[in-house]
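**Student:** Dropping the structure in here first, questions after.
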């Protein structure tokens, strides 16, 4: 991790009212900020397996990769890491959009202290939504096209 980027999946989860799910992060990096759910892909884990594992861990419901719509490759840079501040973190993020009924979610509290739903306009205007989550809704979104 000190010298290698991590691969992660971010879930841009939308409810029936067009609001986006955000969780307030308990851990580093981006601790205390509101962020879309997601997590790291493990070594030797397929994207299909990572998607199912992470949707279960982050949303409380196991979803197949086909449930998401690919939303591009993103780069996230942080000054700290999950264990402290002694080195930075670089993520290569695969974004996926999901439409999920709120009643289907069983939102866990291991990674996020609380959750809220915001419209894209509200989250773009919020200073405590992390810039990497706001970027998904920015008109000049910095996704890397494939």
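In case you wondered, yes, glycine gets a Cβ from its N, Cα and C as well.
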**Student:** Need the matching range: TrEMBL marks motif 'Nudix box' on one of 17-38, 39-60, and I'd like to know which.
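**Tutor:** Comparing 17-38, 39-60 with TrEMBL, motif 'Nudix box' matches 39-60.
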**Student:** In TrEMBL, the residues 38, 58 are said to bind Mg(2+). Which of 111, 122 is said to bind at that same site?
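**Tutor:** Looking at 111, 122, the one TrEMBL places in the Mg(2+) site next to 38, 58 is 111.
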**Student:** Have a look at the recorded positions (38, 58, 111, 112) and report the one with the fewest Cβ neighbours inside 10 Å.
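**Tutor:** Per-residue Cβ counts within 10 Å for the recorded positions 38, 58, 111, 112 bottom out at 111.
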**Student:** So how many of the residues in the motif 'Nudix box' (39-60) end up helix, strand or coil by DSSP?
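**Tutor:** With helix first, then strand, then coil, the motif 'Nudix box' (39-60) has 13 helix, 2 strand, 7 coil.
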**Student:** Using an 8 Å cut-off from the Cβ centroid of 38, 58, 111, can you name the remaining same-chain residues around the Mg(2+) site, in sequence order?
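**Tutor:** So the extra residues in range turn out to be 11, 23, 37, 39, 54, 57, 59, 112.
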**Student:** To the nearest whole angstrom, what is the C-alpha distance linking residue 112 (site 'Critical for catalysis') and residue 58 (Mg(2+) binding site)?
**Tutor:** 9
